[in-house]
Amino acid sequence: MPNWGGGKKCGVCQKTVYFAEEVQCEGSSFHKSCFLCLVCKKNLDSTTVAVHGEEIYCKSCYGKKYGPKGYGYGQGAGTLSMDKGESLGIRHEEAPGHRPTTNPNTSKFAQKVGGSERCPRCSQAVYAAEKVIGAGKSWHKSCFRCAKCGKGLESTTLADKDGEIYCKGCYAKNFGPKGFGFGQGAGALVHSE
């Protein structure tokens with residue numbers, strides 16, 4: 001069928017894609033609103049897309065569908081997964097019940113306003129306007145940094161170990177595989193005499 005309008009066709013809905021709403025991926029064009037994971041419908045971008053033929057996925061769904069089979073495969077360090085492993089017989093303890101407040105001021109207003117969580121890095125109160133959640137804890141935006149190099153993090157770009165958060169690079173260097181050939185990167189020269 002001839003394309004009289006001259007515009008490219010969206011790889012998902014097959015309608016014309018105009019320049020202002022175009023996202024390109026591996027030679028195909030998409031509407032920004034159509035550039036979603038085929039499985040979970042999350043918005044995608046150049047860093048989160050994985051392509052299989054004509055289909056687009058987020059990296060997590062792509063790994064589950066086309067990656068190596070088995071629990072824990074198809075995801076890198078620091079990837080957040082909602083899979084609790086119940087299909088493998090893994091059981092989780094129930095969360096402890098609500099504990100009474102230790103705040104001596106028991107007014108409802110004081111409990112709502114003063115009962116904020118504490119930042120694991122600086123131990124100060126974290127309020128909603130400055131709260132970032134990562135590794136299951138609330139952090140100040142300014143404290144949400146790699147424990148080793150100080151690089152600012154996002155909830156999708158962190159790895160945690162023993163209650164501390166790291167960028168993926170520092171996590172791999174400090175807690176990744178050890179031994180000959182690891183941690184050198186592509187093109188590293190090894191001199192042996």
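Cβ from N, Cα, C; glycine included.
What Swiss-Prot records for 10-61 is domain 'LIM zinc-binding 1', and it gives sequence analysis as the kind of evidence.
Swiss-Prot lists 119-170 with the feature domain 'LIM zinc-binding 2'.
Sequence annotations record features per position, and here Swiss-Prot assigns phosphoserine to Ser81 (among others) based on similarity to another entry.
The annotation N6-acetyllysine is assigned in Swiss-Prot to Lys84 (among others).
The N6-acetyllysine annotation in Swiss-Prot covers Lys112 (among others).
The N6-acetyllysine feature in Swiss-Prot is assigned to Lys131 (among others); the stated evidence is similarity to another entry. With a cut-off of 8 Å between CB atoms and residues at least 6 apart in sequence, the same chain places Glu117, Ser138, Trp139, His140, Lys141 near Lys131 (N6-acetyllysine), listed in sequence order.
The N6-acetyllysine feature in Swiss-Prot is assigned to Lys137 (among others). In the three-state DSSP scheme, Lys137 (N6-acetyllysine) is classed as strand. The C-beta environment of Lys137 (N6-acetyllysine), restricted to residues of the same chain at least 6 apart in sequence and closer than 8 Å, consists of Glu117, Pro120, Gly163.
Lys161 (N6-acetyllysine): 14 other CB atoms within 10 A of its CB, across all protein chains. DSSP classifies Lys161 (N6-acetyllysine) as strand under the three-state reduction. Annotation source Swiss-Prot lists N6-acetyllysine at Lys161 (among others).
Sequence annotations record features per position, and here Swiss-Prot assigns phosphoserine to Ser192 (among others).
Swiss-Prot lists 64-69 with the feature motif 'Nuclear localization signal'.
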Taking the domain 'LIM zinc-binding 2' (119-170) alone, what is its mean pLDDT?
86
Based on DSSP, tally up the residues of the domain 'LIM zinc-binding 2' (119-170) by helix, strand and coil.
9 helix, 20 strand, 23 coil
Can you tell me how the residues of the domain 'LIM zinc-binding 1' (10-61) break down into helix, strand and coil by DSSP?
9 helix, 21 strand, 22 coil
